[in-house]
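As annotated by TrEMBL, coiled coil applies to 224-251. What TrEMBL records for 582-617, 635-644 is compositional bias 'Basic and acidic residues'. Look at TrEMBL and you will find 618-634 tagged as compositional bias 'Polar residues'. The feature compositional bias 'Acidic residues' is assigned by TrEMBL to 658-669. Feature annotation from TrEMBL assigns region 'Disordered' to 576-669. Taken from TrEMBL, the feature transmembrane segment applies to 6-21, 33-52, 103-126, 146-165, 177-201, 378-396, 425-446, 466-489, 523-542.
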């Protein structure tokens, strides 16, 4: 099993990152480099979280081996036995051989740092650029990132000057490397505590409120009112941008040098606007530079950027509106079915997407009623209590992890108790649950926050390239300090425990933080205590109240504006529900009409086909008969010649009888 656990987790984490990226990104429409860069950033960050517990168990085993080798002992198979205490150091099932983890962490860490500080910021500017060529986009990205990179050099130079001026330090390459790592981790830890303080309170509270059907329905109405405003704003913005595109398209003719740029802009417009502009365009007029003033390539690039943004925003609001409608309809159905006597869940509208037959077989209406109306609220309450307990343990450990005598951090107590018995399964599970909960609190906040319309992770493939790349940057900056904070909580970091023991492979690549003592002994230890203040502020919704005072509508139960938006959203949902009901009634009437009168149409078609077959068989038999001795045949051929020269009258299918030969009727008359 040596190294097998590492390989399995590498494969599992890759598919996990791919699944999440597929949920938020769009593989068909977005650029491949954006997808690959974001996938790599997410994958490396998730990989660090999943592999770190294996590093901890391997380090504990290596410490045991060092303790055994430093005392008289005898080696028995896969474990080592101490002579005095007869203690056994079992090799963990997930043991990773020496030399693999340092190389692995070095590659993962420096790749993630290259992504977050150099490549992803450049690709952000490249993705938002409105240039029409690769060279133009690269030039724009370099100009936009000049200030960005200059800030990094300024901060790094300040640390470098501090170390160079201090006579106690002899500046070497390893120390220079540690300064860079310390600068990156300091920035990451500053942001980590902010996000962690929000997630530790909001995640348990959101699950507790998830058990309240009335609360969820009111919040959905509130979201509907806000989203309708945003949707109308996006439609109006798109109309204005399309009007500018139309004017530019009409002014720049087919033989103008900038016509290729205009065609590129038109390709990014929605299909209905492309067709409308194509009908109004006259390509037979030549352009005249002396009579008209034409836009420059720079202004066209700006317009191209606006078109990309407005189209993406319009598409996102349309999809989110449909999703929110389905959610509101479902919550209303749950409220209606709670008092159902049949205990079978009845939907107002049928699902527009085809459901899996296996799910339909097991998830019957009765099972759905018991889950949605009885079990789900209690499940969410129990889960909220468990998550709240974890949050309290994290807050306590963040405030006391610097204390080594006595050990007050609960996570450190759990790990040390398991270390005495060398229960590696318990150690890995405890480490995994701890770092997984910390990651959920931090990463879920990254997925929830929204910086106006510049950064917003929207599910159902509606996230733009800029937001995807920005999320990759945040993950790469938050994960290393998150892991260091976890190692400090469990006292696996020698800087915190003050013990001369073998460090973990992850800590070894970070170098000794003693190069910057004011960071190692001050900022890294005491700054995480601010998580208490942030948790209190989140519990009393101070940030939400401040945003509400500034004019940003937030969901608050005691606000008059919130009540008005809830009423507005309820009316919007009611209007959309009536519209959906009329559509379904129309479809049902058409279906019933087709089922009722479709059989008559089919029988009429079958009779017509049968008549055609009879006529064809009759013509074949008449052709096979011998010529009659009467002169009627000669007259028939003569009439056929006449028929070719004159127009035959149309047959009246509504008449009582149909005469095969209209000429015979004339001769008869």
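Just so it is clear, glycine is given a Cβ too, placed from its N, Cα and C backbone atoms.
Caution: TrEMBL annotation is automatic and unverified by curators.
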Averaged pLDDT, computed only over the residues in the coiled coil (224-251): 92
Long-range environment of the transmembrane segment (523-542) - Cβ separation under 8 angstroms, sequence gap at least 6: 186, 189-190, 193-194, 196-198, 200-202, 205, 391, 394-395, 398-399, 401-402, 484-485, 488, 495-496, 513, 556
Residues of the parent chain within Cβ reach of the transmembrane segment (425-446), under 8 Å, 6 or more residues beyond its termini: 49-50, 52-54, 56-57, 60, 92-94, 192, 195-196, 198-200, 202-203, 387, 390-391, 394, 411, 414-415, 418-419, 457, 471, 474-475, 478, 482-483, 485-486, 489-490
Same-chain residues at least 6 beyond the ends of the coiled coil (224-251) whose Cβ lies under 8 Å from its Cβ atoms: 262, 265-266, 269-270, 273, 276-277, 280-281, 292, 294-295, 300, 303, 306-307, 310-311, 313-314, 316-318, 320-321, 324-325, 328, 553, 565-566, 568-569, 572-573
Contact call for the transmembrane segment (33-52) and the transmembrane segment (466-489): at least 3 Cβ pairs under 8 Å, seq gap 6+: yes
Considering the transmembrane segment (146-165), which listed stretch of 6-21, 103-126, 177-201 counts the most C-beta pairs under 8 Å: 177-201
Residue numbers, six or more beyond the limits of the transmembrane segment (6-21), whose CB comes under 8 Å of its CB atoms: 35, 38-39, 42-43, 46-47, 50-51, 54, 94, 96, 100, 104, 468
